[in-house]
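Annotated features, as they stand in TrEMBL:
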DOMAIN    11-340  domain 'RecF/RecN/SMC N-terminal'
BINDING   Gly38, Ile39, Asn40, Gly41, Ser42, Gly43, Lys44, Ser45  ATP binding site
Amino acid sequence: MPRKRASPVPIKRLKVENLRNIALADVVFGPQFNFIYGINGSGKSTLLEAIYMLARARSYRSNRFGSVVRQGEKQLQLFAETEHFQKHRIGLQKTSSQTKIRVDGNNIKRVSEIARITPLQIITPMSHEILDRGPEYRKRFIEWGVFHVEHNYFKCYQQFYKALRQRNALVKIGQTDIDSWNISVGELGERVNEYRESYVEALSVKFKEESEYLNPNSNYNLIWKAGWDRSKTLYEVLNGSVVSDIKRGFTQHGPQRGDMKIFEGNRCVEQTLSRGQQKMLIVTLHLAQASLYKERTGLSPIVIIDDLISELDLDNQKKVLDRLLDQACQVFITSIDNIQYIKPNLRKDFVISSGLIKAL
Ligand SMILES: Nc1ncnc2c1ncn2[C@@H]1O[C@H](COP(=O)(O)OP(=O)(O)OP(=O)(O)O)[C@@H](O)[C@H]1O
Ligand SMILES: [Mg+2]
């Protein structure tokens, strides 16, 4: 009888050198649930930070190299063996002056290349920023999805922002003769928005499906705001706002002002939901993204969850873990307390103490 092929492990092996309190670690993860336990300050979030840095070349907790490199050291190094669509070896070396990324032995210039091969959803206690901070946070969330499922989007996005920077530079110096820039920002902006709008439309369907399971008594709606008056073309809006843009010193309308709103009935959720309900809503959004990603690409993204699971009540914990299991995501979860719910054959447990990691 042919032997069943072992399922690929998206992040199979991780080596960490000089990241915060982790001097040296070499860890082999499981394909499904990876639970990381330890007391406060033991290094749980640091381990997740290492995974995140390998996927995005920066930390999700600090922009300062001095904060993330182990005190007294000048360089930090990370390495991972991954297998998502293909097997890869990713290396990252950071000093105060430079970041070197290598994939399969080749130097990589663009962070988008490692982001593409390690699609990562991250949920932390800071994730409620999606609800209660500025549109920037919600846009970034949507951008992740469009980037990963629409491979032509990134180029279009870059061209749009390049053209927008040019237009901004001209309105800043009071230039009124900018019709050619109104045309290019207008055209590229319409395209960027079309990608986003059709992504949010598909995401709304997944969001409803996930919500039925995770928030059964709710009736949430996702709405995308383009960033300009949609009864007109962006070109018309830009053309009509040259004088007031010059007064303000920047381009006031366009995809750079795009935003996602979440309503329950006719009320915006950030004003009405309890903290726990907000956390469930955030998880629902991420699971909807994971589900859409899987539908479009055939594989699930990697999910890292810092602390949040243990902040949910038991019933909600189970629902979230069940959905992650159904979607076959490789998951990394930090927690102070043991999370019992998942069966032994679907999990690997680690304990971390003063930066030293041990598989249980
Ligand atoms: N640059 C650094 N060099 C050395 N140690 C650091 C550095 N930055 C942070 N630390 C220490 O690393 C430890 C691990 O921090 P981390 O945030 O990973 O802990 P944690 O296990 O997630 O804790 P909590 O349960 O409170 O979230 C902390 O004790 C922190 O003081
Ligand atoms: Mg932590």
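We number each residue from 1, going along the chain as drawn.
Each Cβ is built from the backbone N, Cα and C atoms, and glycine gets one as well.
Mapped onto this structure are the features recorded in TrEMBL.
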residue: Gly38; record: ATP binding site; Cβ within 10 Å: 23
residue: Ile39; record: ATP binding site; Cβ within 10 Å: 12
residue: Asn40; record: ATP binding site; Cβ within 10 Å: 6
residue: Gly41; record: ATP binding site; Cβ within 10 Å: 11
residue: Ser42; record: ATP binding site; Cβ within 10 Å: 21
residue: Gly43; record: ATP binding site; Cβ within 10 Å: 25
residue: Lys44; record: ATP binding site; Cβ within 10 Å: 25
residue: Ser45; record: ATP binding site; Cβ within 10 Å: 22
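For ligand 2, the nearby binding-site residues are Lys44, Ser45; that is, of Asn40, Lys44, Ser45, these have a C-beta under 6 Å from one of its atoms. Apart from the site residues Gly38, Ile39, Asn40, Gly41, Ser42, Gly43, Lys44, Ser45, the chain places the Cβ of Thr46, Thr334, Ile352 no farther than 8 Å from the centroid of the site's Cβ atoms, the recorded ATP location.
Note on the domain 'RecF/RecN/SMC N-terminal' (11-340): mean pLDDT across this stretch is 94. Among the binding-site residues Ile39, Gly41, Ser42, Gly43, the residues whose Cβ lies under 6 Å from any atom of ligand 1 are, in sequence order, Gly41, Ser42, Gly43. In the three-state DSSP scheme, Lys44 (ATP binding site) is classed as helix.
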